[in-house]
Amino acid sequence: METTNRTYSRNMEDEYQKFIRRMNPPRVVIDNESCKNATIIQVDSANKHGILLEVVQVLTDLNFIVTKAYISSDGGWFMDVFNVTDQEGNKIRDQGILDYIQKVLGSDTSFTNSIGVTPSTDRTVIELTGSDRPGLLSEVCAVLTHLKCNVLNAEVWTHNTRAAFIVQVTDKESGSAVSDPERLTTIKQMLSYILEGSNKAREAKTSVVSHGVVHTERRLHQMMLADRDYERGTGGGGDGDTRRPEVNVVNWYDKDCSVVSIRCKDRPKLLFDTICTLTDMEYIVFHGHVDAEGPEAYQEYCIRHVDGSPVKSEAERERMIQCIEAAIERRVSEGLKLELCTTDRVGLLSDVTRIFRENSLTVTRAEVATRGGKAINTFYVRDASGYSVDSKIIESIRKEIGQTMLKVKNNPQDSNTSPQESPTRFLFGGLFKSKSFVNFGLVRSYS
């Protein structure tokens, strides 16, 4: 009876939120005149938990670069302002894209029902988490090929000795989703065996579904968070000399909230990664400021837990800091960037990753896509022993795969640009000296 009442209460709350949203549909204002170097997008809407992530997700999936953002969602209303550019740093002037933004962000339904979500009714989605090791992607691909599965799309993240995969496959013969229960069980069992490897201390997880809807990057964050990749063991995170983020959490008792400040090297999709993690940890951002116009990004958020409380303990602060650090680091593409573009065929990914493994290269991140019969794949690779990748090995691999198919791209993480100090970047920084703030020393600062 109690369960029924809770379900009824949640349903009534959802219906009420839908009613409020219909009565107060989102208002979207796009301004290309006020700022000389960015398009300003303002979104006003009835407030609900997760709405900030929905808006940021839409902008991220359009491959916009957010250079500044101002967030206000205290009370029943949500108002955000974003300064955005395209990948080349230009304003968004394509009228088709501007109309699309108006349509999606101005919808009275969930924004994320419209963009960045892959319907998978015609394919099988496989989710994997486990211990990372050299050659793991090659082994997974070999198993799928052996089981007569064709990989259409895949994304692989590795962080802190852990790995997460989302793979979309079809049956080799029919080209449709794999739906036979016995075959799905076989796929799950064989992949679980591969993932378990030699690390029996950490659990490997395999999920196989024949249909569904998934936002890949959001789901990868959730999988790695659930897998506790933020916990750094004695073996370290394998970050080498990579500069880690600076994250600080303090309580602002006058406002009964916590202030999270983040400073790190800027990169695409950084805002999505931090907001995604705060949302999945069930924190609400009701004020915030983002500045990413230079080589470094600065983010500050006033947050409360969904139960209305600020951060309650030192342990909670420590976990939040670790989780935000992990969210930032997961997408940092360590290694040499290789791009493969060729005609797709069954077993292609298995062959390519086998060649990487045979040449002692380990894949730290991968994006695999199939469009119009073409395989468009991006791999970030490192030497399995931790040394720099030998250029002779890369040329040998290119000759074996095809020099016109596999190209070496510059790694954006190799930039030696020195960060610029800016004492005014933090919106709430001047308040940290106030007695109303308490900082328990939980600051991560790495040089």
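Each position is counted from 1, following the chain as shown.
From the backbone N, Cα and C atoms, a Cβ is placed for every residue, glycine too.
What TrEMBL records for 40-117, 125-211, 337-416 is domain 'ACT'.
Residue counts for the domain 'ACT' (125-211) under DSSP, helix first, then strand, then coil, are 27 helix, 33 strand, 27 coil. When averaged over the domain 'ACT' (337-416), pLDDT in the model lands at 89. Taking DSSP states H, G and I as helix and E and B as strand, the domain 'ACT' (337-416) has 25 helix, 32 strand, 23 coil.
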